[in-house]
Amino acid sequence: MTDLDAIPDDPSALRAALLAMRAELAAERALRRGLEDRNERLQHFIRQLQRMQFGRRSEALDPDQLNLALEDLEQAVAEADAEAEKADPPRREARARERRQNRGALPGHLPRIEVVIEPPTTICPCCSGAMHIIGEDRSERLDVIPMQWQVIVTRRPKYGCRACGSAVVQAPAPPRLIEGGLPTERLVAHVLVAKYADHAPLYRQAQMLARQGIALDRSTLASWVGTAAAELKPLWRLLRDDLLGSAKLFVDETPAPVLDPGRGRTKTGWFWAIARDDRPWGGADPPAVVFTYAPGRGHAHAATLLKDFRGILQTDAYAAYKAVAGAAGDEAAAGSADGGVLLAHCWAHCRRRFYEVAQKRPAPIAHEALRRIAALYEIEAEIRGRPACERRAVRQARTKPLLDAMRPWLEQCRAQLSKKSPLGEAIGYPLNQWEGLTLFLDDGRIEIDSNVIERSMRPIALNRKNALFAGHDLGAENWAVLASLIETCKWHAVNPEAWLADVLARLVSGWPNRRLAELTPWAWKAEQDAPPPRRRVTHSAAAEVKTEHSGKRKAGAAGASLTQQLTPMLDKIGTLPDVLGRPDMLLADNGYFSEANVQACVAGGIEPLIALGREAHHLSLQERFAAAPPAPEDPTPVQAMAYRLRTPQGRALYALRKQTPEPVFGIIKSVLGFRQFLLRGLNAARGEWRLVTMAWNLKRMFALSRAV
């Protein structure tokens with residue numbers, strides 16, 4: 001306390017002392033506010049670190065955690081019900097009826113193994129007579145067959161010549177992914193999917209194999225993974241280059257611990273992810289994601305990855321991406337015709353900052369910001385899937401007024417707060433990135449956030465959690481290659497194990513690099529979903545020839561009446577395996593025409609084009625360029641076929657008849673040397689003709705296999 005005797009009596013001195021005390025008090029108050037702000041920020045950081053270490057990172061309630069809790073409750077209820085049912089048989093029967101009524105039907109594609117339980121006796125207990133079946137009760141239960149392992153034994157017989165004793169013939173060994181190794185391509189695909197899709201480390205897979213009596217150590221599995229990654233890397237490069245040629249990309253990065261043998265500990269590498277997903281606005285480019293490993297997070301790595309990209313880059317506010325956009329802008333200003341890079345930022349990152357502030361204590365400003373951002377997302381949910389032009393129109397009409405009102409409100413709130421406080425930093429983030437955050441208003445292709453790329457990196461985090469670290473930089477690069485391909489498969493609803501097994505088998509068999517695009521997950525899916533190849537059936541004189549685009553043919557000897565040969569042939573076609581496809585058109589000359597044959601083709605789902613009379617070798621100019629006749633009303637099958645043959649399209653299709661069977665006969669006669677039947681009798685001649693056509697088919701298939 002100040003001594004009263006020390007207080008000066010002079011008013012001017014007293015005033016000076018008062019001003020000095022006020023200045024000292026103001027300085028102390030400013031220091032106190034600074035310490036309070038710093039303390040608040042440090043407590044905020046501590047809560048963030050605690051949540052990152054021990055809690056959840058997502059802002060939404062995790063449904064998996066709820067499911068775990070519900071599972072425990074359901075197990076307890078089921079245990080109590082089971083005990084009660086044992087003591088009360090009527091209740092047990094009632095519960096069984098409820099289960100039968102409430103359960104869904106088991107999938108129809110699963111095989112059914114029927115187990116018939118006969119009664120001990122079928123002798124009537126009343127009259128001792130034989131009893132007969134009057135009905136049955138049927139029930140289905142889902143069963144499982146544990147994974148089965150098998151060994152593929154490949155035998156390649158050697159053939160030698162007894163006459164000369166020197167010639168030896170043996171089929172070449174088929175190509176393998178692991179030359180001289182144990183696994184098939186399908187087994188390698190299984191290991192890859194277990195590691196990078198199901199997040200089972202290799203040591204754990206080795207333990208599971210050991211339980212099946214198969215001794216394979218982790219290093220062996222690791223060598224398989226590395227070999228497969230090397231084989232798939234050209235496909236990964238193709239995928240990466242395809243994405244970098246897009247008009248819009250999502251970009252993000254995530255850390256990846258990598259073992260550093262020289263230092264005896266791990267170092268921090270980084271996965272840089274680029275993704276394309278145009279489905280929200282109906283874009284035609286297939287969605288895909290590509291991960292690239294780099295030893296650091298510096299600007300140079302982002303510049304190397306995105307040096308050839310020009311377009312819209314949607315990401316967070318990391319400065320490396322701003323540097324990429326600035327470098328591209330400098331090139332455009334210097335006269336480059338490639339254009340520049342536009343940065344679109346993420347409202348989810350903005351929302352997360354307000355959410356973290358609102359979690360710690362009542363924060364009306366943060367809650368109001370969350371409410372305003374939620375209104376933006378409600379509009380986005382309504383326009384998801386609409387064309388880009390419609391999305392832009394809706395955003396201009398409804399979203400833009402909301403953002404025009406939000407910015408001055410944020411500026412007003414920031415003026416009342418310390419810029420270094422958590423809430424001040426949360427408000428400063430959108431204001432500093434406002435241009436990138438509002439770019440989506442003017443372009444319907446841009447999303448409101450970059451959650452697409454955030455979700456795509458979740459499997460990386462799960463694998464990192466289970467495997468802890470990559471063994472070395474090359475292992476991290478393999479991780480990036482395989483994760484890219486597997487995640488892209490998931491985006492296209494493609495089974496990654498089936499895709500990997502098929503693609504690896506094709507690659508090791510010498511698949512040409514110029515056709516790598518056919519192996520991308522979306523192209524592979526289109527190939528698998530494609531209908532069976534279309535076929536034409538052509539008839540000429542005494543033979544039938546079924547033609548596929550691949551050129552395989554099969555013929556059969558005809559009897560005396562050609563009109564009687566068509567229906568049996570159609571019946572035989574119906575017995576062919578589905579994998580060979582079904583013909584959809586029949587081309588034949590007048591010798592096969594009858595109303596019954598036309599009706600048989602229509603009934604079999606085959607369009608008949610059978611000449612109604614002897615056709616001229618060359619049509620007149622008037623017939624060649626005549627307009628199509630009017631279609632008959634309610635025609636019979638023969639009338640419909642006659643009209644089709646008079647149209648230009650029908651004439652062009654019928655002209656293919658001469659191009660298809662006639663060359664076959666010429667080759668059979670001239671090349672195979674078959675000019676007459678050596679056996680007598682129709683059945684014997686048919687057998688001889690089958691051998692000839694079998695030789696033709698083998699010759700044709702060999703020629704086609706060499707062409708592929």
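Every residue, even glycine, has its Cβ placed from backbone N, Cα and C.
Annotation source TrEMBL lists domain 'Transposase TnpC homeodomain' at 41-115.
What TrEMBL lists as domain 'Transposase IS66 zinc-finger binding' is 122-165. Restricting the average to the domain 'Transposase IS66 zinc-finger binding' (122-165) gives a pLDDT of 85.
Taken from TrEMBL, the feature domain 'Transposase IS66 central' applies to 181-477.
Using DSSP to sort the residues of the domain 'Transposase IS66 C-terminal' (484-522) gives these counts of helix, strand and coil: 30 helix, 0 strand, 9 coil. Residues or ranges marked as domain 'Transposase IS66 C-terminal' in TrEMBL: 484-522.
The domain 'Transposase DDE' feature in TrEMBL is assigned to 639-701.
Sequence annotations record features per position, and here TrEMBL assigns region 'Disordered' to 79-104 (among others).
TrEMBL lists 542-561 (among others) with the feature region 'Disordered'.
Same-chain residues lying 6 or more positions outside the domain 'Transposase IS66 C-terminal' (484-522) and placing a CB less than 8 Å from one of its CB atoms are 174-177, 185-186, 188-190, 192-193, 196-197, 228, 231-232, 234-236, 238-240, 242, 277, 286-291, 456, 459. Here the domain 'Transposase DDE' (639-701) has, by DSSP, the following mix of helix, strand and coil residues: 50 helix, 0 strand, 13 coil.
Shown for the domain 'Transposase IS66 zinc-finger binding' (122-165): DSSP residue counts in helix, strand and coil, namely 0 helix, 5 strand, 39 coil.
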